[in-house]
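Engineer: The following block contains the structure, expressed as structure tokens.
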Amino acid sequence: MDKQRIFEVLITNICEVLPELDGHRFEPEDQLVELGADSVDRAEIITMVLEDLSLKIPRIELSGVKNIGELAEVLYDKVQSA
């Protein structure tokens, strides 16, 4: 799975949790908080993405990411090492 596909999985789940963002032009620099995701929304998005990618990683490993591009990068690295 390539980085672009992981980014697409991330966007799909963001739009499912935050349907008001459907049609938004997502950029790697976008931050979930700035997009309107509260802590519960962010946890739900992460859980859904991890399930879609069949990953089991501690959430703490994702806590340092600053934007959705960095999140996709970390997830890509985890998929490659799984």
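Including glycine, each Cβ sits where the backbone N, Cα and C put it.
Since the structure is predicted, the reported quantities are computational estimates derived from the model, not experimental observations.
Swiss-Prot lists these features:
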DOMAIN    4-79  domain 'Carrier'
MOD_RES   Ser39  O-(pantetheine 4'-phosphoryl)serine
Engineer: Pull the DSSP breakdown for the domain 'Carrier' (4-79) and write it out as helix, strand, coil residue counts.
Structural biologist: 47 helix, 0 strand, 29 coil
Engineer: Sort out the sequence-distant neighbours of Ser39 (O-(pantetheine 4'-phosphoryl)serine) for me: same chain, 6+ apart, CB within less than 8 Å of its CB, listed by position.
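Structural biologist: When sequence neighbours closer than 6 are ignored, Ser39 (O-(pantetheine 4'-phosphoryl)serine) has nothing within Cβ distance under 8 Å.
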